[in-house]
Structure formats: C-alpha cells, structure tokens
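Features as listed in TrEMBL:
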TRANSMEM  6-26  transmembrane segment
DOMAIN    40-136  domain 'Cytochrome b5 heme-binding'
REGION    224-249  region 'Disordered'
COMPBIAS  237-249  compositional bias 'Basic and acidic residues'
Amino acid sequence: RVSRGVAMWRGAGAALLLCLGTACLLRRGFESRGRRPRLLSAAELRRYRGAPGEPGLYLGLLGKVFDVQRGRRHYGPGGAYSALAGRDATRAFATGDFTPAGLVDDVSALSPQELLSIQRWLSFYSNNYEPVGKLVGRFYDANGAPTEALREAEAAMEEALKLQADSEQRKQQFPPCNSEWSSARGTRFWCSKQSGGVSRDWAGVPRKLYRPGSQGSGCVCVRSTGPPWGHPPSSQHADRGDLDDPHLQEYEGCHPLAEQCVL
C-alpha cells in the first residue's frame, strides 16, 4: 500500500529532483571521465552514419553527441532508426516524424508531453551510450558553451517535469473513480482502495473535480475523514479530509458520503 504520507513525499520528492534533471543529464558523462568534450560541426557528424569507410556511428540529441556503435543493428545502415544517425534529430524523438521535415533539432512549439519524451530519451542515451562530444549549432556555440536555445529548451523541459510532478501529486490526492455504463442502470461511479490505479488505505467518496483552465469535470475519489491534504495529522481540522476543496462538487441525487453514485 501507498500511505498518504508516502504519497505526499513522492510528489514532493519528484518536485525537488526535477530541478536537477535535464541540465544534469546534459552535463553528465564528460565530467565523470575527466576529459573535455569534443566539438563537432554538422558536416563532421554526417560522416558518422556507420557506412563502410566511415569512422563510426554517432547521433545527436539536444546537441549532445553519443557513440551508438553498440546499437548498430538499430542505428546502422538498414536499421529501423538509421535516419537518426549522423545528425541531431531531436524533434523526431518526440514526434516520431522521420520525414526530412521531422528529422531536425528544432524543439520549439512542442507540447509538455513531447518535451518529456525527449527528456526520457536523453536519460536513456546518457545511461546506455558513450557521450563523445557536442554539436556546434543550435544548442552549443563554437566554444562548446550552451546557447540561448538550449537554455530555453532546458527551462521548458523542467517546466514539463514540474507539471508532471504536480499531476502525479494531484492524482494521489484525488484518484480517479471506477466507472461503468449500462442501458439499464445508466452510469455508475464508485470508489475503492485501488481505483484510479492508486493504492491507498482509504476508499473515498465520488465527487466532480473541476480543474483550473478546464471546461469539463471528472469523477475523483475524495478522502472524507482526517486532515486536508498537506496538513499534518496533529493539526486542528474539521475531520472532513478534502471534502471542502473548492474545486469539488457533489453529484446530484447521491448521498454526500456514499462510496458509489448511479446517475
């Protein structure tokens, strides 16, 4: 089970660590090996596509260049991801667009979820492949220093990580209801200690949750006893859990403390 305290610390821990995420991934590798990263131009990187006579097999991601020779069957000539070799195609890692228009390093206008995809791929390559240098261009200048484009991308990814952490914490506080529909009974919402995929020691009662900026509502399970979310158990409170949250609304015709509602 995931207790309420653990759930709260999980969200807080994610928020604490996210500020270290992207920038640390971009720096990691060279420092631990005590060597200076190599600077490559786009023309130099194009020579590393793994073809006979070429010096190796590299790819770029957010301006960081990795040796992917160990993954030759994926990235080498004829491999499923050969289009990624010898270039920085960061945008394609998020969109899956392997056309010439998609195989570029421009990450502007990507959604938070797409930026998180790039962050996960960056973590994957940093953990599994050797970093060999930096690509001079959009993300690093001729001296290997980060450009404004890289700082903007990092900031956007950190914000996406924060939104993800906030969303996960909100899910722990207000897990989604179970639901089913039948022509005979209509729609039934109910709560359990596992609903919404969130294991906990309370079931809760169904409520409509209106999120800021959203036009609709969703059914969530709400703790009906104890202190409000974020308040220590020893604090003075009305012993109503989160029932008084202003973003919640009761279902008409459903008892306020019923664990299920049929509409």
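Just so you know, glycine gets a Cβ as well, placed from its N, Cα and C.
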### Message
For the domain 'Cytochrome b5 heme-binding' (40-136), how many residues does DSSP put in helix, in strand and in coil?
### Response
37 helix, 19 strand, 41 coil
### Query
With DSSP, how much of the region 'Disordered' (224-249) is helix, how much strand and how much coil, in residues?
0 helix, 2 strand, 24 coil
